[in-house]
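Working notes, beginning with the structure itself.
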Amino acid sequence: MSWLKITLHLILLESVLGQTNLTSYVKLPPLYNFHTYEDGLSSPSPSTYCMVFANIKPDNRSEVWQSIENFSEDTHHRFRHDYLVFGLSVAKCKELLLNTTTKILPNEVIKTKVPSTYQEVIDYYTRIYGYNVYDQNLNNFLDTCVNHEFQRNYNLTLTTFVEYCNDPKKIEPKANIEIVAFALLALLIVLNALSSAYDYNLKYYNDLENPQRGHRDTEKCDSLETQILTSFSVGRNFNKLLAKSTGGDASELDFTYFFRFFTIFFVIWGHTLMVITAFPLENPVFIENHLYRPETIIFQNGSTLIQIFFVLTAFLLKLKFDKLKPITTITTYTECFLVYLKVFFQRYFRILPSLALLLLFNSSLLKNFGDGPFWRHMVEGERTFCTKYWWKNVFMINNFMMEDSCAHQTWYLATDSQLFELYVIVLIITSKYPFTKKSIYALLGSLAFIVPGVLTYIYRLDASTYLRPEYYRYLYFQNADTLQITYNPFYCNLGGYLVGIICAEIYTKSVRYRDLTTSLAKYRTVQKIQIPFIISVLSVGFGLLFTGLFVVNRNSKDGSIWVALYAACYRNIWAIFSGFVLMSMLSKFGGLAYDISNCGIFRLLGRLTFQMYLWHVPILRILFGSHRHPIYLNQFYVFCQIILAIILSISFAFVLTIFVEYPIGNVINIFFKRAFNVNKLHAENKQFNEMNRYTT
């Protein structure tokens, strides 16, 4: 155990040594410096307000510059303190320069050879706002304004770039896409109102004819006309959202809703911290010091929690596929192809409407949900790129094309859809040719380990994606080779789906598993066994997260075989661990944990996770983008923002699930049943429609 103690001491020593020397830190220029936004707007003659991105020119003679350089070298834990953001009121600048003899010199942003990262940020802003420089006179004036005070305080010079200016006198006309968005919103409201009225009328007359029939959710709508006309019924979809799971497998799988909500909770937690690094901070040292703390690895290494979604989706896909048995050894190739088309497109068209609504919202309506000096910075990229490059998201390829894409969180939908396509093909092949199953599973299992490990070693990548202060500071992923090469691509996430499918095989076909479940049944209420089991599972889970302490920030230019091995194993081991927990819950083994997972509240929250995943990022942009001043961070503030983001995401998701996802999903299900001539008994359809809620 001595090696473990030594390692832990070294980690703690690094944490202590990494803490910021506040005496030196306070001498640094603030990363964000804003003129008061309200003063310019409330004056008799409202003033233009501009966001200016600046780079400090190196000066080795300056002690301040030497401190800036020393702090900025640690890119794993520190912001670049030579990159500053200013919010400048033109009126305030005129007042400052009124009694000075400073000459307005040409802005050197074009003439001076600037650092590549700085130029990369400028190029990004240029692609968003569609210009090379602002009005040259204004650009030079703001450059002089910001340098006047900066040189006086720090004896250093800035190279500047005007990101954008807000002119209160300028009223932007509504674009055509906004009109389309409002028209679609009105259409959805009308459809929900008319369908609800029809459903109420139908229930009213049914109650008159059959008083004993009870509530509307027990009514049978067998006719095609009634099914279509009640698809958008708010009452019917509300009851569907709250309904208990019915039918064999569906009711046994209620605990999976808890795991879906558990995963989305930590996704929102992580994304909240990531967006905070992109917002003006009064005390960025809070973030920097926090990244030195060992417990931060739970967040840093927690990105792999997304494997839980992959495991659950594959597990339920396999269950449904085996239950319906659409492919047998005598199925023709044409029929196999038609089954593939039906399974893929039914799922794709269930996802697409909600995704399209998000893209439309980002490109048209999001900009109307706030204002302030930093508002356009938070939302303009989404507006521009959702308008120009919506097709990346719609065709589910944005996980390979993250540059200049919008709705970054939807990389998961693209990766999951690609994995879904691949494994549907695998299920079709193994159903038609059962003898290939072990070979295909072995091949996929090998690739799941080999591909991420080899890519990590060749490209000298990190073992996983780790949040660094500059990683998302400008609202795009910077130095994100690990994200784009090994985290997002479907071929580096093969393990989660494979584990889910193998778990389904064991659950439905393994005699040993059934015997084990039977033998464990007598221990389900024995607390002396259940409590240590729960503690052991939690310890293993947290232990896996903490293993990242041995490899985080350990990559080198020459590559590391140990980092590559960790990258090959970590997410796959996490998927296997998720599969173990899944099988334990299927055995009803877990005592209190199993009971909590089956609570009705998690059934509701679990059904909202799809919309929560889609909409939590716009909600975060709205939450932070409307601040008028840099924010002061502390633990309580961050915690409150995370909880607020989750509550708002749940609220948004609740409305959108009832008014958009379920209604359109009802119509799509009706279409595919008719188009592919799928005639099943009503009870069977009800059972598998319930299972559909898990896999979409």
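The backbone N, Cα and C atoms fix where each Cβ goes, glycine too.
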Per TrEMBL, the transmembrane segment among 297-317, 339-359 spans residues 297-317
By a Cβ-Cβ criterion of under 8 Å, what residues six or more beyond either terminus of the transmembrane segment (179-198) are in contact with it?
229-235, 357, 360-361, 364-365, 659-660, 663
Given the transmembrane segment (563-583), which of the listed stretches 257-277, 488-508, 636-664 has the most Cβ pairs that are under 8 Å apart from it?
488-508
Before we move on, state whether the transmembrane segment (441-459) and the transmembrane segment (488-508) share at least 3 Cβ pairs under 8 Å, counting only pairs 6 or more apart in sequence.
yes
Please indicate, using numbers and ranges, the residues of the same chain that are 6 or more beyond the transmembrane segment (529-551) and have a C-beta under 8 Å from a C-beta there.
7, 11, 294, 297-298, 300-302, 462-464, 523, 562-563, 566, 570, 573-574, 577, 581, 584, 589-593
Does the transmembrane segment (257-277) reach the transmembrane segment (488-508), going by 3 or more CB pairs under 8 Å (6 or more apart in sequence)?
no
